[in-house]
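Record features, source TrEMBL:
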type: BINDING; residues: R58, D135, S140, D141, R142, S153, N156, I159, L170; note: cob(II)alamin binding site
type: ACT_SITE; residues: D135; note: active site, proton donor
type: DOMAIN; residues: 181-209; note: domain '4Fe-4S ferredoxin-type'
type: BINDING; residues: C189, C192, C195, C248; note: [4Fe-4S] cluster 1 binding site
type: BINDING; residues: C199, C215, C244; note: [4Fe-4S] cluster 2 binding site
type: BINDING; residues: Q221, K223, N281, R282, R296, K298, K299; note: tRNA binding site
Amino acid sequence: MAAYDDLKQELIKYSEEIGIDKIGFTSADVFSELKARLEIQQEKGYQSGFEKGLIEERTEPVRLLPGAESIVSIALAYPSRMKNPPKSKKGERRGMFARASWGEDYHLVLKEKLNLLATFLSERVEGFSAKIMVDTGELSDRAVAERAGVGFSGKNCAIITPEFGSYVYLGEMIINIPFTPDEPIDDGCGECTKCIDACPTGALVGPGQLNAQQCMAFLTQTKGYMPEEHRDKLGNIIYGYDTCQVVCPYNKGIDSHQHEEFEPDPDLVKPPLIEFLSISNREFKEKFGYMAGSWRGKKPLQRNAILALAHYKEKSAVPALIDVLTQDPRPVLRGTAGWALGKIGTEEAFQALQKAVEKEEDVQALEEINKGLQFFDNNFM
Ligand code: SF4
């Protein structure tokens with residue numbers, strides 16, 4: 001029996017008491033396979049740009065914590081369904097935040113749990129040190145969870161646990177205690193390719209290989225224009241994208257509700273789209289600031305809300321979209337509203353676009369407004 005095995009068992013028991021759904025342990029060795037994969041990703045330009053640190057820091061735990069010996073990986077399950085979701089109907093269209101943004105920001109919830117684990121260990125081991133990470137740290141939460149046996153890495157790049165499917169949040173803590181590592185679990189995808197087939201942009205370029213630049217979840221978080229070829233694919237989603245998880249057989253029937261913090265407020269995760277276009281900074285912060293999906297501010301979400309209204313061809317949104325087109329100080333929103341008005345295509349929209357084309361000074365916004373006008377030439381004239 002290794003020196004710290006009793007402590008490991010105590011920590012596992014404590015993790016259950018504080019509401020951690022799964023815990024696994026791995027060494028602090030270099031993530032060699034990941035390193036090779038990241039180098040290819042970098043070469044091919046598949047990164048999102050949200051990654052933190054150099055490839056060495058992202059794959060060599062000892063660079064992040066001197067004396068690193070092992071890594072504790074944790075998973076908390078989140079719900080896949082909400083009770084009594086409000087209906088999105090004509091005249092009252094609603095957007096949708098993806099599941100990973102339901103409830104309280106998971107970064108904070110998981111960090112709190114990891115801090116409790118760190119305190120537990122620091123009270124028992126002299127000279128204990130730790131580095132905690134959730135999503136935004138250098139390490140890949142998924143690579144750690146995979147090696148620690150929390151789940152296997154699916155072709156959709158998500159970690160799939162046998163108990164909770166891939167509807168889990170992940171976090172980890174590098175520590176200077178040499179806990180015995182757990183065994184990884186077997187890959188369970190087999191011949192299935194449902195996620196690859198369902199991805200609307202072809203972002204899953206191969207099993208477990210993602211071109212983040214094409215991933216809809218990533219694109220909902222960018223601040224510029226949504227690439228035109230992807231605008232129609234968003235549907236009513238204003239943040240994130242779940243399709244590659246929804247289609248996965250391992251998620252069938254999985255709906256975990258053991259954490260009050262992750263329970264969605266249906267009115268907020270399905271917000272009325274028209275109102276969302278004119279929400280003030282203060283109201284946005286008050287209402288949505290606690291959600292993971294608010295981290296990039298309201299602009300990308302409002303851009304997506306405009307696209308969702310275009311997707312519905314929601315005529316009752318035309319006055320609100322004209323307000324954005326003519327009054328919003330942000331060119332990306334004016335341009336996107338111009339494009340959307342063209343898609344919706346009422347006479348009022350046409351008049352507004354004709355006026356806007358005379359006044360718009362931003363080159364890209366003007367281009368989008370002209371695209372809006374072209375829809376009339378193609379469809380309505
Ligand atoms: Fe694996 Fe199929 Fe799930 Fe994709 S959908 S992650 S291929 S099991």
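Including glycine, each Cβ sits where the backbone N, Cα and C put it.
Note that TrEMBL annotation is computational and uncurated.
When secondary structure is read from DSSP and collapsed to three states, R58 (cob(II)alamin binding site) falls in the helix class. Of all the recorded positions given, namely D135, C192, Q221, K223, C244, those whose Cα is no farther than the 10 Å limit from the Cα of R142 (cob(II)alamin binding site) are D135. In the structure shown, the C-beta of L170 has more C-beta neighbours within 10 angstroms than that of any other entry among the binding-site residues L170, C195, C199, C215, C248. Most other Cβ atoms within 10 A: among the binding-site residues C189, C192, that distinction falls to C189. Only C189, C195, C248 of the binding-site residues listed as R58, C189, C195, C248, K298 bring a Cβ under 6 Å of any atom of ligand 1; the order follows the sequence. The binding-site residues listed here are R282, R296; among them, R296 has the most other Cβ atoms within 10 Å of its own Cβ. Note on C244 ([4Fe-4S] cluster 2 binding site): other Cβ atoms within 10 Å of its Cβ, all shown chains, come to 26. On the backbone, the CA of N156 (cob(II)alamin binding site) and the CA of K223 (tRNA binding site) stand 25 Å apart. The binding-site residues examined here are S140, N156, Q221, N281; by Cβ neighbour count within 10 Å, the least packed of them is N281. The number of other Cβ atoms within 10 Å of the Cβ belonging to K223 (tRNA binding site), over all protein chains shown, comes to 11. The binding-site residues recorded for this entry are R58, L170, R296, and the Cα of L170 lies nearest to that of C248 ([4Fe-4S] cluster 1 binding site). A C-beta separation below 8 Å, combined with a sequence spacing of at least six in one chain, links K299 (tRNA binding site) to K223, R330, V332, L333.
Neighbours of L170 (cob(II)alamin binding site) among the binding-site residues C192, C199, C244, R282, R296, K298, defined as a Cα within 10 Å of its Cα, are absent: none qualifies. Close to the residue listed as 'active site, proton donor' in the fold, though at least 6 residues off in sequence, lie Y106, H107, D141, L170, G171, each with a CB less than 8 Å from its CB.
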